[in-house]
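Student: Structure in structure tokens, see below.
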Amino acid sequence: MGACLGVCSLLSCAGCLCGSAPCILCACCPSSRNSTVSRLAFTFLLFLGVLVCIIMLSPGVESQLYKLPWVCEGVPSTLGIPGQVDCGSLLGHRAVYRMCFALAAFFFLFAMLMICVKTSKDPRAAIQNGFWFFKFLILLGITVGAFYIPDGSFTNVWFYFGVVGSFLFILVQLILLIDFAHSWNQSWLWKAEERDSRCWYAGLFFITFLFYGIAVAAIVLMYIYYTHSGACYEGKVFISLNLIFCVCVSIVAVLPKVQEAQPNSGLLQASVISAYTMFVTWLALTNIPDQKCNPNLPAITNTTSLDPSDVYTTQWWDAPSIIGLVIFLLCTIFISVRSSDNKQVNSLMQTEETPPILEGQQQVTEGQAYDNEQDGVSYNYSFFHFCLLLASLYIMMTLTNWYRPDDVTRKMVSTWTAVWVKICASWAGLLLYLWTLVAPLLLPNRDFS
């Protein structure tokens with residue numbers, strides 16, 4: 001960890017990081033907007049923290065963390081299970097909790113600091129868009145301090161913060177997917193009409209069929225691997241309900257009145273939402289604390305425990321965690337560079353349509369970031385940092401498989417809390433998408449263009 005942070009410190013000591021914009025990124029993106037460059041730089045700091053978390057979960061690093069004062073202290077000697085206290089596995093997870101706590105605290109600090117910044121003329125905007133070396137030092141200082149937080153009930157309390165934050169970030173992911181699907185559908189329909197070509201319609205049909213095929217395949221596989229006759233009733237209910245809900249929103253998306261109110265609405269968006277809903281459903285099933293209904297759980301290591309959920313531990317690099325990590329990376333990058341033309345999404349995500357680059361301005365500022373927010377910020381600074389705060393909590397839960405630290409057995413245990421949070425997030429996401437379809441009909445006096 002020290003080596004990793006040391007290398008990053010050397011990189012961040014570059015003089016340009018103390019200026020108004022990080023020129024390392026600007027060199028790769030000449031004539032970039034200051035707003036975009038700054039968001040990418042903050043995202044880089046988040047990804048740096050994620051990299052440190054992944055390194056901390058490596059077995060070799062875990063052994064080095066034994067030197068820290070809070071490692072495996074106070075283990076009860078009355079367990080009667082010699083050799084079964086899995087401090088090594090728990091160590092990495094506890095380190096991830098502290099690293100993500102530092103990231104969340106860092107972004108919370110900036111979210112509070114940037115409240116009500118309206119233009120780049122605000123003195124706080126200079127802090128948002130510059131002083132990157134000092135920002136790195138602040139993050140480094142918070143990280144060091146987080147590793148000396150007394151153990152106590154920290155991990156258990158922070159687990160529930162992670163649950164709530166992850167629930168909200170799943171909804172953010174869904175909003176981004178809705179925006180992406182709407183933009184995709186609108187772009188291809190425009191090209192089909194502009195070029196008078198049926199190839200674009202065929203492409204839309206193929207992509208829609210592909211996403212629905214993925215959703216159907218996921219349903220079949222979940223019924224095969226996560227349900228059994230005479231058991232696993234919860235999994236059957238979750239899969240069946242989400243199947244019914246996806247069919248319902250798909251039907252609503254193509255109703256004549258909905259099409260009349262929103263001509264860009266269609267099955268492409270519904271297919272993307274259906275596939276994502278099934279993905280979240282699969283994530284929920286992988287946390288069911290019953291080995292008979294969850295093949296992702298490892299073998300029982302303590303047969304003397306009355307509660308089987310108290311003895312499961314696992315590594316983070318299983319299929320659900322890897323896919324969740326990939327989606328996290330894509331959504332976080334999309335948050336940093338997105339500029340939607342959908343007013344509803346801009347309202348939800350606290351962003352505005354970005355004006356085009358002026359020809360004269362591009363010639364003057366070629367090769368460096370330019371200030372495009374003198375008349376008004378292109379995104380809400382505080383809300384952006386709040387999204388990165390939620391992303392920090394989400395990646396913490398993803399890398400720890402949504403397992404809860406157990407103070408008695410010193411293991412990470414699977415709980416029903418994670419299952420219900422993910423299922424409720426899938427339902428809330430479907431409800432949110434349904435609202436984007438019917439809102440123009442229910443509120444005809446409002447502009448939903």
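Note that Cβ sites are derived from N, Cα and C of the backbone, with glycine treated the same way.
Not my notes, these are from TrEMBL:
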- 1-18: signal peptide (SIGNAL)
- 36-58: transmembrane segment (TRANSMEM)
- 95-117: transmembrane segment (TRANSMEM)
- 129-149: transmembrane segment (TRANSMEM)
- 155-178: transmembrane segment (TRANSMEM)
- 199-225: transmembrane segment (TRANSMEM)
- 237-255: transmembrane segment (TRANSMEM)
- 267-285: transmembrane segment (TRANSMEM)
- 319-337: transmembrane segment (TRANSMEM)
- 381-399: transmembrane segment (TRANSMEM)
- 419-443: transmembrane segment (TRANSMEM)
Student: Using a Cβ cut-off of under 8 Å, list the residues of the same chain at least 6 residues beyond the transmembrane segment (155-178) that approach it.
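Tutor: Contacts with the transmembrane segment (155-178): 93-94, 97, 100-101, 104, 269, 272-273, 276, 280, 327, 331, 334-335, 338, 345, 348-349, 387, 389-394, 396-398, 402, 404-405, 407, 417-418, 421-422, 424-426, 428-429, 432-433, 436.
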Student: Report, as numbers and ranges, every residue of the chain located at least six residues beyond the transmembrane segment (95-117) whose Cβ falls under 8 Å of a Cβ in that stretch; write 'none' if there are none.
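Tutor: Distant Cβ neighbours of the transmembrane segment (95-117) are 42, 45-46, 49, 52-53, 56-57, 62, 65, 124-125, 127-128, 138-139, 142-143, 145-147, 149, 154-155, 158-159, 161-162, 165, 377, 381-383, 385-386, 388-389, 392-393, 395-396, 399-400, 405.
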Student: Mind pulling out the one from 36-58, 129-149, 199-225, 237-255, 319-337 with the most Cβ pairs under 8 angstroms to the transmembrane segment (267-285)?
Tutor: 199-225
Student: So which residues does the transmembrane segment (381-399) touch in its own chain, when a touch means Cβ under 8 Å and the partner is 6 or more beyond its ends?
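Tutor: Sequence-distant neighbours of the transmembrane segment (381-399): 39, 42-43, 46, 49-50, 53-54, 57, 96-97, 100, 103-104, 107-108, 110-112, 114-117, 124-125, 128, 161-166, 168-170, 172, 316, 321, 324-325, 328, 331-332, 335, 349-350, 418.
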